[in-house]
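Reading through the structure tokens given below for one structure.
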Amino acid sequence: MQRYKFSFLSALEAIKTNRTRSILTTLGIVIGVAAIIVIMSLGAGAQSLILNEINQMGAETVIVLPGEITDAAAVFSDSLTQRDLAAVKVKSNVPNLARAAPAVIVPGKTTYRGTTYTPAMIIGTEAEFFGEVFNIYPKVGTIYDQDDIETAARVAIIGDKVKTELFGASDAVGERIDIKGKQFRVVGVYPTTGQKGPFDIDGLVMIPHTTAQTYLLGTNYYHRLMTQADSSDNVEKLAHDITATLRETHGLYPGDDDDFSVVTQQALVDQISIIINILTAFLAAVVAISLVVGGIGVMNIMLVSVTERTKEIGLRKALGATRSAIMTQFLFEAIALTLFGGVLGIMIGASLSLVLSGILTYAVGLNWSFHFPISAAMLGVTVSAAVGLVFGLYPARRAAAKDPIEALRYE
């Protein structure tokens, strides 16, 4: 134990003697560990943000999408129609359905007296369903009703951000905005929510789906069906019944693939978590290459150090130091270097993550929370020590193998 203590103290003394070189040597380790901490911290923050927004959908919400959920182009396919919505609303088909509504997405901008704003989303749906499911109602004005839907009335409810961008401090209710060349009368303004999830309420423009289909899209199909179970305990049963009903409506036989996707909140949470975790792990693995580069740098500097301290090695051997003692000293020195770089990298990575979280929260406006990944910090320390062990082994063996007589003669 005394020998290891001496080797450790000797290693620290050697590092302190060459502080500048030691810091430069560990730069690759510092950058690698810091990058891993930042990536995993931001990954955890993104996952938390997205999952929180999804949770705002409500545990009872079930969304039906056209095509495969992984196929982005399928979002605008024509596999969901009024016939499907009517079939889902039949009580004998889907007994646990509390309410359902269609939705269509309209790409485009809104204009008011020369001021143009691109909202987060222009959606055609039933405002009453939206209010009941998400518990959000206009702070000014009112929602449009079933008569407006049946007559395809050109009316709109706008989010508070849309109102501010187009109208400033002026009243918006009763005014007309332009969407893709068509005039829409504003009947309500939603309150500020700060929500950035599936429905960014603040940047939303909502119109009747019939109006969107008739005047803006020229289509007779839906981009999604939004449904709600009568209880959170019946969500899976609701999803199963909707699937069975739509398969029958679409004339699908056993063995045929669904041409739609039924997505529950939990399924969406699980899928997004998997995607974020895989992406985070991949980026961390790519960044880990810099640790290998840093390890090579440590090995090169340690080889230089062995050459510079040849006489010291010879003197220690002449005084009775064993090969293992010499090897242990240089191995400890390499590990101490990489551990120093790892700890410094963790501190820098955590600081950068905190700064970036602040920027995303206050500058970008996201409801972002700072996450310090303890597992990543532990991994950083472990990998740093492992890099020092692996890349310090060869220089340590070179030092231990030196002949004491030849070493003392070295100039």
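Backbone N, Cα and C define each Cβ position, glycine as well.
If you look up TrEMBL, you'll see 21-46 (among others) marked as transmembrane segment.
The feature domain 'MacB-like periplasmic core' is assigned by TrEMBL to 22-244.
Here TrEMBL flags 274-304 (among others) as transmembrane segment.
Annotation comment: TrEMBL describes 286-404 as domain 'ABC3 transporter permease C-terminal'.
The transmembrane segment annotation in TrEMBL covers 325-350 (among others). Within the same chain, residues 3-4, 6-8, 10-12, 14-15, 22, 25-38, 41, 294-295, 298-299, 301-302, 305-306, 313, 316-317, 372, 377, 380-381, 383-385, 387-389, 391-393, 395-397, 399-400, 402 sit at least 6 positions outside the transmembrane segment (325-350) and bring their C-beta atoms closer than 8 Å to a C-beta of that stretch.
For 370-394 (among others), the entry in TrEMBL reads transmembrane segment.
Residues 21, 25-33, 35-36, 39-40, 43-44, 46-47, 50, 330, 333-334, 337-338, 341, 376, 383-384, 387-388, 390-392, 394-396, 398 of the same chain lie 6+ residues outside the transmembrane segment (274-304) yet bring a C-beta within less than 8 angstroms of a C-beta in it. Mean pLDDT for the domain 'ABC3 transporter permease C-terminal' (286-404) in this predicted model: 81. Summarised by DSSP class, the composition of the domain 'ABC3 transporter permease C-terminal' (286-404) is 100 helix, 0 strand, 19 coil.
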